[in-house]
Amino acid sequence: MLSVPDYEFWFVTGSQHLYGEEQLKSVAKDAQDIADKLNASGKLPYKVVFKDVMTTAESITNFMKEVNYNDKVAGVITWMHTFSPAKNWIRGTELLQKPLLHLATQYLNNIPYADIDFDYMNLNQSAHGDREYAYINARLQKHNKIVYGYWGDEDVQEQIARWEDVAVAYNESFKVKVARFGDTMRNVAVTEGDKVEAQIKMGWTVDYYGIGDLVEEINKVSDADVDKEYADLESRYEMVQGDNDADTYKHSVRVQLAQYLGIKRFLERGGYTAFTTNFEDLWGMEQLPGLASQLLIRDGYGFGAEGDWKTAALGRVMKIMSHNKQTAFMEDYTLDLRHGHEAILGSHMLEVDPSIASDKPRVEVHPLDIGGKDDPARLVFTGSEGEAIDVTVADFRDGFKMISYAVDANKPEAETPNLPVAKQLWTPKMGLKKGALEWMQAGGGHHTMLSFSLTEEQMEDYATMVGMTKAFLK
């Protein structure tokens, strides 16, 4: 399984020396208490570390520099306990190269009417301190996240948690490396894109390799290594021989397992975290990678079919963000246009992620007309029910655009005995007709990432962080 470093977030609160040392000690004590209780809540995926009370431009600037150069730190969380003159934040905020969350909160969640005096008022000035601070971020066009509300409330903690996942994905985005095995499908438009701009904006490195390089690695895989993977497959999934004889079935599965290990070793050696295949580029391969691709996707690798490196990179980012939970490569395949039944049946030839399965996936072997190779093994399953999002990235002359809408996912209304692939049914929440029209008008492609565990807000936050144009359809 691809791992993500154990990041942390540094938390600072703003104030000024005007209030005196005793008040500043109280500010630090309260901020430390907030950090401790956020960590103890069990809601946050990454630790919050309180660093200091920021009172001068010099200290803020030095702090932001330290954040930039500490690889363990994924971002900054700020809070204005008292009034903090925002000119002090200008230089440091301009220098900050990592995600910024402004937590607009207050240490206590009430007004102590019976006891309140001006000492209390001076100490608890978040109401206008946060506005002063928010102004300078808006003036600097920092496009930071603001979470508003009482820090001890579950909904606020959940917002912070979701943002932490996005911020970590942003940091990891600059480590995303896509290995393209073969080129994009010939004459297809939407899978093309500016790889240099993708590396500048999102940090995605995209490299091409000829199929011969990959075949050489696959051929090195030993029978003993395949035996181990076969046993693991038997322990995880249902092995369905179907109409195949035993030897044919087992050989087909073993070919895919050799591909899985060969591709994985190739990716590991080059530090790649995503990959693409293309059924038009299969020189020297017995089968189109089906089960092989699904197992790699299961392990956290991003994937794009037909050379679609943008979806492969997006998939890796979303898998980081979702902790590799219920987030799958998908393609709009066929439609139900009957009134009252409007839906999209999503699938792909072979490569849908088993993380969205509602039943135990079955390892099956069936013919595949496309590609001109032997019958490939694949995982067959039905997707899940619930709320999800469908997301794609397209490249236009003026830059990249993220297009997304919320969907209601369902299971097919009937069995599909002649369709031995993984499949997922869904309908845009805005309606199929309106959703499809607006998707096409925005230039959204047919390859997407479908996620049951991420929110549109998270994807919008990521798009904002990397400076991507957004078309979130409502």
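Using N, Cα and C of the backbone, Cβ positions are placed for all residues, glycine too.
Site annotation (Swiss-Prot): Mn(2+) is bound by Glu306, His348, His447, and the candidate from Glu331, Glu364, Glu457, Glu460 recorded at this site is Glu331.
Apart from the site residues Glu306, Glu331, His348, His447, the chain places the Cβ of Gly304, Ala305, Asp308, Thr311, Phe329, Met330, Met349, Glu351, His446 no farther than 8 Å from the centroid of the site's Cβ atoms, the recorded Mn(2+) location. Here the Cβ of His348 (Mn(2+) binding site) has 22 other Cβ atoms within 10 Å, regardless of which shown protein chain they belong to. Shown in sequence order, Thr184, Met185, Val188, Thr191, Thr276, Thr277, Asn278, Phe279, Glu280, His447 are the residues of the chain, 6+ apart in sequence, with a C-beta less than 8 angstroms from the C-beta of Glu306 (Mn(2+) binding site). Taken residue by residue with DSSP, His348 (Mn(2+) binding site) is part of neither helix nor strand, so it is coil. For Glu331 (Mn(2+) binding site), the count of additional Cβ atoms within 10 Å of its Cβ stands at 21 [all protein chains shown].
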